[in-house]
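What follows is a short report on a single structure.
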Amino acid sequence: MTNIVIFASGNGSNFEKIMENIEAGYLSGINVIGLYTDNHEAFAIERARRFRLPVHIFNRKSFNDKEDYETAVLKQLTRDQVEWIVLAGYMKLLGPTLLNAYPGRILNIHPSILPSFPGKNAVGQALSYGCRVTGATVHYVDSGMDTGKIIDQMSCPVYEDDTEETLQLRIQNLEYELYPRVINKIIQVRSSQ
Ligand code: GAR
C-alpha cells in the first residue's frame with residue numbers, strides 16, 4: 001500500500017472522485033491517509049467526513065511565514081508516514097520545505113492544456129482568449145506556478161455558446177477521468193520500484 005494525502009482548498013470534487021475510484025477498487029494499492037486543507041471553510045472537509053477520513057486544517061495566517069507553515073504541515077505528513085502528495089484544487093504555491101521533502105512525489109491537476117493558462121481562472125482565460133480547444137493537465141509540482149513536468153493531458157472542445165460554468169463542467173469531467181488514471185499509473189508503478 002502506498003500512503004498518499006490529498007491537499008485541497010475548496011470544493012473538493014476531484015478529491016471525492018479519487019476516493020470513489022478507491023472504493024470501486026480501481027486504485028487498489030493506494031491508501032488515502034487524510035485530507036489536508038488551508039481553508040477551514042472548504043467543502044472538501046464535508047466530503048472527507050462522508051468518507052470518514054481524517055482532516056488536517058492548517059491556517060497559513062496562524063504561522064509567521066510560509067516556512068513555519070510548511071514545517072507544521074511536514075510534521076503531520078511525517079507522522080502520517082505519507083509517501084505522495086496529491087494536490088487537487090490546492091491554491092497555494094509550495095515552498096522548498098515541502099518540495100525538498102517530496103522530490104518528484106507531488107502531483108497537481110490544472111484545468112488547461114499547460115503551458116497555456118497557468119495560475120488562477122484558467123477556464124475563464126481560455127474562454128476569453130477564444131480558444132476552440134482546452135482541457136486538463138496533470139503534472140509534477142515544482143516551485144513555479146503550474147510549471148512542473150507534464151505527465152498527461154486530456155482535451156475537449158470549447159463551443160460558441162459556452163459560459164465559464166459550462167466549460168468548467170466539461171473540463172472537470174475530464175479531470176475526474178484523468179487524475180485517477182495518472183495516480184494509478186505513476187504512483188502504483190513508481191512506488192513498486
Ligand atoms: C480543479 O478544476 C483543478 O484543476 C483546479 O481547481 C479545481 C478544483 O476543483 N486547480 C487549479 O486551478 C490549480 N492551479 P475541485 O475542488 O472541485 O476538485
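Using the three backbone atoms N, Cα and C, a Cβ is placed for every residue, glycine included.
Where the annotation comes from TrEMBL, it is an automatic prediction and has not been curated.
Quantities reported herein were computed from a predicted structural model and do not represent experimental measurements.
Computed over the domain 'Formyl transferase N-terminal' (3-183), the whole-number mean pLDDT of the model equals 97. The domain 'Formyl transferase N-terminal' annotation in TrEMBL covers 3-183.
Counting every protein chain shown, 17 other Cβ atoms lie within 10 Å of the Cβ of SER13 (N(1)-(5-phospho-beta-D-ribosyl)glycinamide binding site). Among the features that TrEMBL reports, N(1)-(5-phospho-beta-D-ribosyl)glycinamide binding site is placed at GLY12, SER13, ASN14.
Within the same chain, the residues at least 6 positions away from LYS92 ((6R)-10-formyltetrahydrofolate binding site) whose Cβ sits under 8 Å from its Cβ are SER9, ASP38, ARG60, listed in sequence order. Positions annotated as (6R)-10-formyltetrahydrofolate binding site by TrEMBL: LYS66, MET91, LYS92, LEU93, LEU94, ASN108.
In the structure as shown, the Cβ atom of HIS110 (active site, proton donor) sits within 10 Å of 24 other Cβ atoms. If you look up TrEMBL, you'll see HIS110 marked as active site, proton donor.
The Cβ neighbour count for ASP146 (site 'Raises pKa of active site His'), using a 10 Å radius over every protein chain in view, is 21. According to DSSP, ASP146 (site 'Raises pKa of active site His') sits in a coil region rather than a helix or strand. Sequence annotations record features per position, and here TrEMBL assigns site 'Raises pKa of active site His' to ASP146.
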Cα of GLY12 (N(1)-(5-phospho-beta-D-ribosyl)glycinamide binding site) to Cα of LEU94 ((6R)-10-formyltetrahydrofolate binding site), in Å and rounded, measures 19
By Cβ count within 10 Å, point out the most packed of the binding-site residues listed: MET91, LEU93, LEU94.
LEU94
Can you list, in sequence order, the residues of the same chain other than GLY12, SER13, ASN14 whose CB lies within 8 Å of the CB centroid of the N(1)-(5-phospho-beta-D-ribosyl)glycinamide site?
ALA8, ASN11, PHE15, GLU16, LYS17, ALA44, ARG47, ALA88, GLY89
Pairwise over LYS66, MET91, LYS92, LEU93, LEU94, ASN108, annotated as binding (6R)-10-formyltetrahydrofolate, what's the top Cα to Cα distance to the nearest Å?
19
Could you give the Cα-Cα distance between ASP146 (site 'Raises pKa of active site His') and HIS110 (active site, proton donor), in whole Å?
7
